[in-house]
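Participant: The structure that follows is given in the form of structure tokens.
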Amino acid sequence: MSTVLCCVLVLLISVALCMDFEERPSSSWRSEQTMFLKSHKSRNLLSLRDLQQPDHGKMKRSEESAQNQCESLHGYQSTLQNDTHTHNFNDLSGSVSLAWVGDGTGVLLVLTTFQVPLFIMRFGQSKLYRSEDYGKTFQDITDLINNTFIQTEFGIAIGPDNSGKVILTGDLAEGKVTKIFRSVDFGKSFVTSELPFHPLMQITYNPKDSNILMVYSINYDLWLSKDFGANWKKIHESVCLVKWGIDDTIFLTTNPNGSCSDRGTLELRKSLDYGKTFKTIGNRIYSFGLGGRFVFASIMTDSGSTRMIHVSVDQGETWDMAQLPTVGHEQFYSILAANNDMVFMHVDEPGDSGIGTIYISDDRGIVFSKSLERHLYTTTGGDTDFTNITSLRGVYITSVLAEDGSVQTVITFNQGGEWRPLMKPWNGVCDSTAKHPSECSLHIHASYSISMKLNVPMQPLSETNAVGLVLAHGSVGGAVSVLSPDVYVSDDGGYTWFQALKGPHHYAILDSGGLLVAVEHNPTHPISQIKFSTDEGQCWHAHNFTDDPIYFTGLASEPGARSMNVSLWGYRDTILNQYWVSVTVDFRQLLSRDCQENDYIQWLAHSSDINSPTDGCVLGYKERFLRLRRDSVCWNGRDYKVTKEPTTCPCTLTDFHDFGFYHEENSSVCVEQPDLIGHSLEFCLHGRKEQLQTSGYRKIPGDHCEEGITPERKEIDLSKKCVSNLLRTEQLTKEHSFNSAPIIAVVIIVLLISAVAGVIFIKKYVCGGRFLVHRYSVLQQHAEANGIDGLDDLDTLEGGKTHYHDDSDEDLLE
């Protein structure tokens with residue numbers, strides 16, 4: 001009877017998840033199970049039928065070895081058994097926080113906390129543990145922080161690079177002063193300091209100097225320390241948002257009336273001398289964001305109901321209007337990714353549609369091309385699947401929303417120039433709900449699926465030093481499935497995929513891709529096995545790490561994918577209590593042999609047609625890498641560096657974006673947009689109106705092609721002033737003076753009338769976007785929660801987050 005009830009319960013939960021995920025009022029269960037974008041196709045989005053061409057069907061590394069049987073790896077069980085280390089944390093902690101200190105040091109700090117609210121008070125305790133051997137053994141060092149309860153919301157603040165600096169913030173009790181605990185020796189010892197304020201956020205380090213710290217107070221005052229927290233000085237009041245810029249620059253927004261809720265009336269200021277002096281560089285600010293060498297400001301227009309983006313490439317000294325659509329109160333801008341060459345910007349559509357358009361900037365951040373329409377980006381939770389595949393340049397994955405509400409994964413291999421569905425895994429079985437065999441593809445689960453509470457424990461994973469490797473949860477069919485996903489692996493940067501593991505798993509990349517590890521995700525049942533692969537996920541082996549299974553909660557390995565140690569965290573549930581358990585497995589003795597020169601082979605990235613002279617050319621050049629042979633069981637080592645050989649390619653039309661034009665399907669030729677025929681493309685540059693003469697092509701930022709095809713492009717100075725909303729009106733009228741008072745009066749009146757008329761005309765018709773279709777978008781909220789700097793963040797506190805949704809490539813503005 002209990003079995004029947006369980007089955008019924010599982011079925012009901014599955015149906016509920018389907019309805020919750022799709023947000024559609026009615027449809028059959030079968031159609032809700034998977035979804036596919038069919039009815040609407042972006043101009044830059046290739047269909048699956050387009051990919052059935054010979055140049056896209058080349059057999060890849062994973063498929064070439066598919067016929068090889070997995071050979072048994074002898075003797076590994078006894079080897080790993082001797083290198084498996086278990087530690088029990090015998091306290092009543094309800095949560096655990098982990099932080100790696102330094103690179104290659106093996107130092108791991110673990111903070112356990114236990115809290116019990118009692119009426120208007122709360123009781124809590126913290127314990128601090130330290131490991132010097134990658135988590136194999138731990139020492140209780142709680143006495144070093146005087147048994148103080150640590151505020152877990154501030155986390156463990158680790159200094160940049162290999163500074164060895166650590167800061168813990170104590171809990172404020174009974175109105176007393178706040179204490180911080182500082183370490184300069186990787187947590188071996190701590191010094192206690194009292195703060196002259198109560199912090200509102202985690203203390204942040206200067207990225208280039210770990211002795212310089214900055215933090216908000218609960219009164220929105222900005223405090224700075226130059227001696228690693230020993231002494232503090234208040235450098236500004238009424239601070240709404242603050243960020244570290246390049247070259248020790250501090251950017252902040254403030255409101256003279258002290259209210260940060262009046263968005264659109266803020267001032268943007270910067271300091272080059274750690275707060276001794278501040279310079280106002282913008283007014284009417286809603287918010288601002290940083291990305292690469294760009295500074296973006298979201299400002300209110302004269303109407304007070306819309307916002308637009310201004311951009312600066314000289315740290316706010318001069319500003320230009322970004323050619324992006326304006327947005328209203330209910331919309332937002334979001335920087336998805338940025339570097340010194342370009343920016344991906346998401347512009348939200350009006351209404352609560354959950355979609356928008358991705359635009360790509362030029363190298364000045366001013367002119368934008370439309371990259372992808374119907375990009376899925378929910379406004380409520382700020383969830384987007386936009387992911388930078390760091391193991392291969394130019395590759396990004398995200399999701400689009402079809403008009404019927406279905407979700408589909410798309411990928412670009414040339415930095416947003418063209419998007420396409422993912423290829424069906426060569427060993428994958430297409431879901432029966434696919435309407436046509438040609439519509440069967442792989443769909444990746446990322447942030448959106450996690451936010452919808454699907455059974456997805458991890459987002460896609462890639463590492464810069466594990467060339468071509470990508471691990472992700474996904475499903476094969478017509479669209480994203482709400483059923484439990486499987487783990488898929490790509491060894492060529494996302495061109496081809498194969499199913500590596502059945503069901504959801506936690507996974508990690510070790511030894512620069514020479515070793516993959518995974519643990520089954522099953523919150524309701526204890527586990528005792530860890531799986532590992534030495535051939536990029538083709539074959540997997542199981543190691544029983546314990547005879548007493550644990551309820552598994554997470555996998556931890558040192559950042560950078562160079563370690564050979566991985567820790568499984570979980571808890572054991574006894575009759576009397578629960579306690580945390582850490583199991584660390586050292587795989588170094590498994591890969592006992594150092595890799596030699598003959599263990600590596602040459603691999604051409606982005607290869608699709610070996611007979612083409614441009615095979616592998618992406619963004620103007622091709623790269624050949626030395627990669628570990630699939631059948632080589634050896635140790636890359638911590639000092640392993642990616643070996644690559646770049647070769648410049650001649651320019652082709654694929655090295656250019658459309659501007660005022662669009663690609664015809666199955667063609668790289670730009671065709672002029674019907675609504676732009678007969679119109680000039682105009683934009684504002686450094687306060688003057690420019691006219692862009694182009695045959696429809698704009699070179700992709702960061703493209704290094706030489707010679708070959710070079711479409712004509714010319715900018716003409718129209719000698720007409722563009723007035724930036726970022727400057728005060730009185731600042732723009734102090735430019736001319738004459739000797740005669742009457743002439744001055746007449747000229748000033750004429751100039752004022754002309755200026756006002758010109759401003760209205762240019763803002764409305766030129767820079768506002770009547771003629772300009774490909775424009776850049778405003779940045780969205782929650783930018784910092786995802787890592788990149790955002791413009792229109794609703795939450796103005798950084799909270800100690802790092803940069804980008806690239807591993808951090810995401811920025812939001814509004």
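Cβ from N, Cα, C; glycine included.
Pulled these from Swiss-Prot:
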type: REPEAT; residues: 181-192; note: repeat 'BNR 2'
type: REPEAT; residues: 269-280; note: repeat 'BNR 4'
type: REPEAT; residues: 359-370; note: repeat 'BNR 6'
type: REPEAT; residues: 488-499; note: repeat 'BNR 8'
type: MOTIF; residues: 771-776; note: motif 'Endocytosis signal'
Participant: Determine which residues of the chain contact the repeat 'BNR 8' (488-499) at the Cβ level, with the cut-off under 8 Å and only residues 6 or more beyond its ends counted.
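Facilitator: Answer is 60-63, 66, 389, 391-392, 395, 397, 411, 413, 422-423, 425-428, 442, 444, 468-474, 476, 516, 536-538, 605-606, 608.
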Participant: Using a Cβ cut-off of under 8 Å, list the residues of the same chain at least 6 residues beyond the repeat 'BNR 4' (269-280) that approach it.
Facilitator: 212, 222, 224, 226, 233, 235-236, 245, 247-254, 315-316
Participant: Based on DSSP, tally up the residues of the repeat 'BNR 4' (269-280) by helix, strand and coil.
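Facilitator: Split into helix, strand and coil, the repeat 'BNR 4' (269-280) gives 0 helix, 5 strand, 7 coil.
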Participant: Treating G and I as helix alongside H, and B as strand alongside E, what does DSSP give for the repeat 'BNR 6' (359-370) in helix, strand and coil?
Facilitator: 0 helix, 6 strand, 6 coil
Participant: Helix, strand, coil residue numbers for the repeat 'BNR 8' (488-499) per DSSP?
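Facilitator: Per-class counts: 0 helix, 5 strand, 7 coil.
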